[in-house]
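Colleague: Here Swiss-Prot flags Gly45, Ile46, Gly47, Lys48, Ser49, Thr50, Lys74, Asn215, Arg216 as ATP binding site, drawing on sequence analysis. The Mg(2+) binding site feature in Swiss-Prot is assigned to Ser49; the stated evidence is sequence analysis. Among the features that Swiss-Prot reports, [4Fe-4S] cluster binding site is placed at Cys130, Cys164.
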Amino acid sequence: MNIAIRNPVATRPAERREEGSLQVALDPDLRIDTAKVFAVYGKGGIGKSTTSSNLSVAFSKLGKRVLQIGCDPKHDSTFTLTKRLAPTVIDALEAVKFHAEELRVEDFVVEGYNGVMCVEAGGPPAGTGCGGYVVGQTVKLLKEHHLLEETDVVVFDVLGDVVCGGFASPLQHADRALIVTANDFDSIFAMNRIVAAIHAKAKNYGVRLGGVIANRSAATDEIDRFNAAVGLRRLAHFQDLDVVRRSRLRKATLFEMESSPELDAVLAEYLALAEALWAGVEPLEAEPMRDRDLFEFLGFD
């Protein structure tokens, strides 16, 4: 693993912009100018980690240097890549009594399948502390040591549909936000709230919506209807296949599973998605619905 640590650079204090909420002004020297950065959001349990990990591998199959950052206290974003629960940033910081300058890259960065580099933020014990704070500190640490600059693609796999505080930190650094959803009420309802959060963050940061990834769904009719109504687009569609479940049990990515016609079609879809994202997808200016309007809009089979 050939990643150098440079001296940390301090960020500027928080300042209030004319629009949006209180934001932290990033030092221009800390901006990620050498990589394409994607933040993956979606309802809890929708398959963001599965999607993120296989997308990371797809990018690596295209010859890109990839860093996946798990932003969930469960620290299980990257285990199909690393074949284990990787050490977390918060554990590494605790080991050096939060003297970040004492950390080595190998203390919290693990190389996974096909060279994908993996980082897990970790978090406080269940029911205590603020997971959002931990994610914010992880992003700060990675930027201070310039680790994000050593890659072509950065994939943030973000906790559930929580888009406030530290869990919104990836939006400060992302070029495109991707939303994983299923063709059901709860997933689309959560997607609408995520659209609203990204819309607010886009006032002060460069992040823009990239599109929607349909997952665990035989059909996409409700997703497509919602997309048309608010100004989104579907980038890929992955059905609910048993090979996905088996890959998780084997602690493996889909790219490591035994070939079959249905799996080959899934892998082709991931590679096509990676190619499209690398080539660049047009930013979307989606307008979220009000909750009650969305409630009336969805359903009625």
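Using the three backbone atoms N, Cα and C, a Cβ is placed for every residue, glycine included.
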Colleague: Gly45, Ser49, Lys74, Arg216: which of these binding-site residues has the sparsest Cβ neighbourhood within 10 Å?
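Modeller: Each of the binding-site residues Gly45, Ser49, Lys74, Arg216 was scored by Cβ atoms within 10 Å; lowest is Gly45.
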Colleague: Give me the long-range Cβ neighbours of Gly47 (ATP binding site): same chain, 6+ apart, Cβ under 8 Å, in sequence order.
Modeller: Val180, Asn215, Arg216, Phe238, Val244
Colleague: Specify the secondary structure state of Ser49 (ATP binding site) as given by DSSP, simplified to three classes.
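Modeller: Where Ser49 (ATP binding site) sits, the three-state DSSP reduction gives helix.
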Colleague: For the ATP binding site, please report the maximum Cα-Cα distance among Gly45, Ile46, Gly47, Lys48, Ser49, Thr50, Lys74, Asn215, Arg216 in Å.
Modeller: 22
Colleague: Indicate whether Lys74 (ATP binding site) is helix, strand or coil by DSSP.
Modeller: coil
